[in-house]
Amino acid sequence: MLCFPLAAYLSVHHNRVNVIALGAMLWAIATFFVGASSTFVEVAISRALNGVGLAMVIPAIQSLVADAAHPEKRGLAFGWLQFTGNLGSVFGNVFSVLLAGTTVFGLAGWRASFHILAASSVLVAFFVYRLAIDPRYKEGQQTEYHHDSSTNPASALKETLTEAKFVVRIPTFQAIVAQGVAGTFPWAALSFASMWLELIGFSHNVTAAIIGSFTISGSLGGLFGGWLGDVFARHSPNTGRIILAQFSSSIGIPFGAVILLVLPYNSSTAFQHGALFFAMGFLMSWCGTGTNNPIFAEIVPQKMRTSIYALDRSFESLLASFAPPLVGILAEDVFGYVVSAPQTSEATSRMPDTENARALGKALFVAFGVPFTFCCLLYSILYWTYPRDRDKAQAEWQLSQEGSPGITEINNLKPGYFSLSKDADLVGDEPAKIEVTVNNKSSGEEQHMLS
């Protein structure tokens with residue numbers, strides 16, 4: 001969250017391809033030093049640097065995808081982004097596990113895996129820099145909101161904070177962030193899923209297979225959900241994406257109840273658990289690609305897309321970090337989970353512990369049912385706010401196209417912003433008053449339009 005101003009500033013004032021390549025290089029360096037670390041402090045510093053790289057890259061990629069994709073296919077574009085990212089995570093996890101117990105050129109396997117990942121990140125940074133294109137700089141062209149070289153860092157930072165203040169006042173953004181905070185709790189709580197499956201009595205291999213199938217199905221579901229969101233939006237522009245999100249967020253409740261509370265607590269139900277985890281992962285993963293990310297691209301001026309994605313990620317990731325500790329507290333203090341001595345590393349599976357499995361299962365269901373209920377209800381707010389906020393953004397874009405390049409920089413906002421009079425109501429029910437100054441080059445006169 002602390003890196004939001006840096007991410008927004010760099011992506012707004014510079015070619016986003018360069019920003020992504022720089023971020024990839026930063027996390028490559030950080031990853032290398034994690035593999036070379038020998039103390040906790042060294043690991044912590046390296047991981048912090050890695051976080052800076054991620055904070056730069058993710059919002060820049062999301063805004064780049066939003067700009068490059070056709071508005072009617074944004075969901076599918078975000079679906080591919082999520083699918084490839086999750087698929088890479090699956091292969092990376094498998095690769096690191098295979099290397100963990102080996103030695104590579106005298107290095108411990110876990111260290112070698114970090115160094116190999118660092119080298120891969122350098123290659124990714126190089127190919128992004130050489131092959132990717134920012135639509136704002138396509139074939140050397142600059143858009144109406146290109147970087148002003150006369151802007152000093154202090155004024156640029158002030159401009160970035162002005163963007164942030166504008167974005168957080170948009171009702172649709174507020175509603176999506178609120179549901180996102182609730183909606184990320186179940187996903188974060190799933191960090192206990194492996195432990196719960198092993199308490200039932202599943203072996204390490206079976207547990208890994210079930211969790212792996214869940215991850216893969218989530219990747220496929222994100223791709224399918226993005227495409228389905230585009231279909232729903234074409235048939236019902238004002239409500240289609242919202243209906244999709246409410247279905248996807250609510251479906252986790254019955255699936256969670258069946259998996260965590262209804263299925264028998266024994267190791268003979270591996271197929272049933274795997275099938276239900278797969279189906280749940282597929283159906284629960286539609287909100288981000290089919291609804292949230294495409295809507296974010298529609299409710300702000302094009303220049304502010306990096307800011308809105310960076311702010312969303314900051315709020316959600318910060319608050320979702322409280323989910324795993326909350327599950328642990330519920331399991332131990334409310335449902336009676338008893339912490340036992342750890343088993344030896346030679347064991348291939350845990351001994352079944354039905355009582356603790358039930359306690360942890362109940363805690364996980366609370367972490368599923370309550371947040372998903374709030375998530376579904378909060379999406380209802382979008383039925384009122386989304387059409388209005390989207391139409392305001394579209395109206396501003398049309399006015400900026402008609403008035404460009406003579407848009408008056410009212411309130412010290414740069415081209416590409418809403419050029420609003422001081423008494424404009426940015427987020428209320430009444431339409432905002434937008435004053436645009438158009439320079440008539442032939443007569444030298446200025447025309448003022450008020451909308």
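The backbone N, Cα and C atoms fix where each Cβ goes, glycine too.
Automatic prediction, not curation, is the source of TrEMBL annotations.
Features of the protein shown, as given by TrEMBL:
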- 1-390: domain 'Major facilitator superfamily (MFS) profile' (DOMAIN)
- 19-41: transmembrane segment (TRANSMEM)
- 47-66: transmembrane segment (TRANSMEM)
- 87-108: transmembrane segment (TRANSMEM)
- 114-132: transmembrane segment (TRANSMEM)
- 175-197: transmembrane segment (TRANSMEM)
- 209-230: transmembrane segment (TRANSMEM)
- 242-263: transmembrane segment (TRANSMEM)
- 275-297: transmembrane segment (TRANSMEM)
- 318-339: transmembrane segment (TRANSMEM)
- 359-384: transmembrane segment (TRANSMEM)
Candidate ranges 19-41, 47-66, 114-132, 209-230, 242-263 - greatest C-beta contact count to the transmembrane segment (87-108) (under 8 angstroms): 209-230
Same-chain residues at least 6 beyond the ends of the transmembrane segment (19-41) whose Cβ lies under 8 Å from its Cβ atoms: 7, 10-11, 47-50, 52-57, 60-61, 64, 110-115, 117-119, 121-122, 124-126, 128-129, 132
Average pLDDT across the domain 'Major facilitator superfamily (MFS) profile' (1-390), rounded to a whole number: 84
